[in-house]
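Trainee: One structure is given below, represented as structure tokens, and several questions about it will come after.
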């Protein structure tokens with residue numbers, strides 16, 4: 001890419017090479033969300049070989065998910081420093097190496113460190129950069145793009161669960177882990193297509209002549225990705241180069257971010273528990289192993305349809321400003337599904353639960369990152385995503401292991417579904433009430449009369465555009481997330497302002 005990079009003023013291309021990026025994001029999302037759940041197929045074999053309880057083996061998936069979420073700030077910093085592509089390439093290698101090394105484990109602790117920590121870290125270094133790059137390529141079609149990318153999770157879950165069962169039957173859990181490690185190398189191919197969107201022209205760099213060409217080009221590409229993602233630069237010291245702010249923690253002062261973070265914490269306590277326990281719950285109810293593994297595929301098949309459909313629905317002009325309420329509705333539907341299906345024991349009842357759960361789960365998956373982008377803006381999304389994933393990691397370390405411990409102690413899955421459903425439903429209720437009561441006035445301040453939410457988001461992004469001649473300094477942003485407006489100086493010439501459609505230019 002040389003020294004060129006994307007300009008915020010040019011806007012995302014909403015297509016072109018973005019479709020290749022969307023395909024790569026589809027694969028990465030599938031591995032990131034589907035892999036920790038598909039590994040649960042091997043839990044019974046691990047319990048038998050290591051003489052451990054279900055709660056002990058469930059830590060493998062929990063640690064993997066905790067690394068996926070908890071290393072979000074680390075991933076944000078690495079993307080800012082090195083760019084999306086090299087971070088994803090390294091992440092693919094780490095994810096593959098973790099599963100290969102896990103196939104030689106002789107203790108559960110070794111499984112925790114390899115399949116849990118190493119593979120989870122590798123998936124994290126692929127997942128977050130792919131979402132950041134997707135946001136650079138799509139704006140008008142962003143809800144649909146998010147829905148299509150999120151569909152990778154159910155597609156891979158529906159494929160990986162039966163695949164894992166077949167690998168377990170033919171090669172044992174060690175051979176299955178080894179082959180799954182090779183499968184994760186596809187993440188490296190996905191990272192290779194993550195190039196920054198093209199910009200209108202190169203930017204001058206004062207110190208590029210003092211470094212090797214390869215180093216200058218690599219840093220220019222990383223800076224292009226960081227600038228396109230909206231990561232701010234610190235003010236340059238006299239005679240020195242500007243330092244990039246690696247993580248914008250000021251987003252924590254935004255009320256919309258706080259509401260979203262609390263919602264995600266409550267949601268993560270119970271959202272993943274039914275999917276992780278489903279296979280073993282069915283086996284304990286007398287369902288054959290192959291049919292029990294197929295239940296996850298049913299969830300995946302329904303989820304495949306629900307995510308793109310919900311993404312397209314959220315992109316409609318009338319619904320996009322209210323995407324937070326649609327997200328809260330999806331959370332409440334998912335929680336009520338868990339509560340109403342807690343006593344399901346027959347295979348038909350379990351299939352009905354999987355259909356309802358897959359539908360609501362797909363809605364949640366399609367909307368969660370669109371809600372965050374709409375809440376904080378694309379210019380703050382990389383930092384906000386890393387911090388939200390860190391909050392979610394704490395909940396993931398509490399939810400599934402606690403559920404597994406209760407299963408070992410009570411030998412009853414009913415109370416687990418009641419707890420998980422209550423937590424997710426509470427998250428939906430909190431999101432709806434907080435959005436209605438706490439954020440209503442904030443949204444009206446962001447949106448000018450005659451302008452939709454999409455236009456307001458565009459204005460806030462343009463105010464932060466690095467290429468604008470009147471760009472605001474970093475300190476001009478208020479804690480509440482509102483952008484400071486320029487105040488005209490008496491006696492000075494008024495700046496030219498482009499009139500908005502349907503508005504008198506003299507009133508601007």
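Note that Cβ sites are derived from N, Cα and C of the backbone, with glycine treated the same way.
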Trainee: Can you check which of 240-264, 415-439, 440-464 TrEMBL lists as transmembrane segment?
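Mentor: Checking TrEMBL against the ranges 240-264, 415-439, 440-464, the transmembrane segment one is 415-439.
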Trainee: Looking at the transmembrane segment (59-80) and the transmembrane segment (294-316), are there 3+ C-beta pairs under 8 A, with each pair at least 6 apart in sequence?
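Mentor: Touching, no - the transmembrane segment (59-80) and the transmembrane segment (294-316) miss the threshold of 3 or more Cβ pairs under 8 Å.
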Trainee: Among 144-163, 265-282, 294-316, 347-369, 415-439, which stretch has the highest count of C-beta pairs below 8 Å with the transmembrane segment (323-341)?
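Mentor: The listed stretch sharing the most Cβ pairs with the transmembrane segment (323-341) is 415-439.
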Trainee: Taking pairs 6 or more apart in sequence, does the count of Cβ pairs under 8 Å between the transmembrane segment (415-439) and the transmembrane segment (265-282) hit 3 or more?
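Mentor: Yes; at least 3 Cβ pairs under 8 Å.
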Trainee: Between the transmembrane segment (347-369) and the stretches 17-39, 144-163, 294-316, 381-403, work out which stretch tops the count of Cβ pairs under 8 Å.
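Mentor: Selected stretch: 294-316, with the most Cβ pairs under 8 Å.
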Trainee: Using a Cβ-Cβ cut-off of under 8 Å, list the residues of the same chain that are 6+ residues beyond the ends of the transmembrane segment (144-163) and lie near it.
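Mentor: 18, 22, 25-35, 37-38, 41, 130-131, 134, 137-138, 180, 279, 293-294, 296-304, 306-312, 314-315, 358, 362, 365-367, 369-370.
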Trainee: Please indicate, using numbers and ranges, the residues of the same chain that are 6 or more beyond the transmembrane segment (265-282) and have a C-beta under 8 Å from a C-beta there.
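Mentor: Sequence-remote neighbours of the transmembrane segment (265-282) are 36-37, 40-41, 43-44, 54, 58, 61, 65, 69, 161, 291-293, 295-296, 299, 331, 334-335, 338, 347, 350, 354, 357, 361, 364, 391-392, 394-396, 398-400, 403-404, 407, 413, 416-417, 419-424, 426-427, 430.
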